[in-house]
Amino acid sequence: MKQQPLSSTKSSKQRCPRFLLSLSLSHDCHFLNVMNAIATGALITLPFSSFSRSSNFGVKKGLKGQFKVFAVFGEEDEKKNAWGALFHVEDPRTKIQLHNKGKIANIDQALEVARYDLQYFDWRARQDVLTIMLLHEKVVEVLNPLAREFKSIGTMKKELAELQEELEEAHRQVNISEARVSTALDKLAYMEELVNDRLLQDRTVTEVSQTSSSPSTSSDSVDIKKRRSPRRRLQVSGPVQPYPPHLKNFWLPVAFSSGLKDDTMIPIECFEEPWVIFRGKDGKPGCVQNTCAHRACPLHLGSVNDGRIQCPYHGWEFATDGKCEKMPSTQLRNVKIKSLPCFEKEGMIWVWPGTDPPAVTLPSLQPPSGFKVHAEIVMEIPIEHGLLLDNLLDLAHAPFTHTSTFAKGWSVPSLVKFLTPATGLQGYWDPYPIDMEFRPPCMVISTIGISKPGKLEGKSTKQCATHLHQLHVCLPSSKQKTRLLYRMSLDFAPLLTHIPFMQHLWRHFAKQVLDEDLRLVEGQQERMNNGDNVWNFPVPYDKLGVRYRLWRDALEREAKELPFNREN
């Protein structure tokens, strides 16, 4: 009697069982690390309607695992090539156009080739996984209980043995594809390093005479060598050199307004010079040299009287412009000490320590809309400000360094990247939901997406419901010391600002985090002063720190145009 097709033996309203085969292979399971997302997506697209109890079919030979068969009810014709739509991806080799065959490619062209390699290996891996999926369907057909009634046990064993061999071969191909993808990723990372390294080159090029006659091939190479600038690597070693004048020609925030009352003063060091800040008769802040014109006594040891700072030695009093307005026990003379342009804006006090005329407008460091300031902390750090900025601009160290504070319990990602525009000093971290910016000359601004204290959620700040906004100002006090201003703002929990002593608690937490960094950065500073290069081998996640160093290097060399300038 001729066997009728299974689909014709049931009415349109009846459902025949289909089976999804799950293959567990202990020695090949790691290929899922590469294609797990693809397989998961494929499983979701299957037209499942319900599941029955699972039955096991043991396989002793070859593979270390089991076939697990789950009955799935649906129309038979729906299963035709269920995986095809997901894996129907065009072969990328048809899109590759090779140019300049036989010539040496530059870094950008090599990076493009690496991208094509990765696309091809991804396509190849998809085809390999598709092969496994189709073989799974064949096994399903073999183990289908309705089809099994018309087959002998010997026939089923033979078909399963053949399918087992095909599955082993398919898994071998997936392992090869996994290795290819891994190699392609390594190549891309290497190309990224080359691109970063190219930024470290001095691009100064000598002018080529336009009137010279066509040179020979040999003279061509000579001219090219002359025009090319020498290759320079990022070098940060040896004792800190005197600060260049151009680094001082910025408005710098030096104190929080909340810390300066009418009858108080704030002594600071800025670029190895002592200054003192106090409020004048009009309530506006002023910044004068912290040295009395009479006998060089530190003025901050005195007091503020009626808008003037009084020297504790002989009572001389100076106004916010540095002019001496009172000399007890002697005739008043025309004496003035040095002062700096000083203004107050958005809760911060700013000074201009440079010799150039001050910029007309002061920068804004206000937290974004919706944030409320919860803490303003000032610390004196025994680290040169550049090293401290290097540390703040690096997030890849968090799961290794901050294991007792905010990064406790963080997993170590397989790849950390900082994504930024080609000419920017700002961007975001991947896989951390953190946006970060270096604001010249010495500020770091960051926004962190959080779900609860000490934990991250989402892959970007936009995906997070609550955020923490941070401002770090690293004021260069001296070659071995930094005045750190830290401001923390939140877009949630506004009631915390009304809890007594909360400021002290925030300060305690901030000090804990900083102490975890200091023990490492102090060691860096010691070795740097002894001649070691603290930027010896940058990698891709060092991108923002490298750009800061390139910016600072150009500033110190008095370059005509600074790199990564947002105004360019």
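Glycine is no exception: its Cβ is also placed from the backbone N, Cα and C atoms.
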Looking at the candidate ranges 76-110, 146-180, 426-460, report the one that TrEMBL labels coiled coil.
-> 146-180
Segment-level pLDDT (mean, integer) for the domain 'Rieske' (251-351) = 97
By DSSP, how many residues in the domain 'Rieske' (251-351) are helix, how many strand, and how many coil?
-> 6 helix, 46 strand, 49 coil
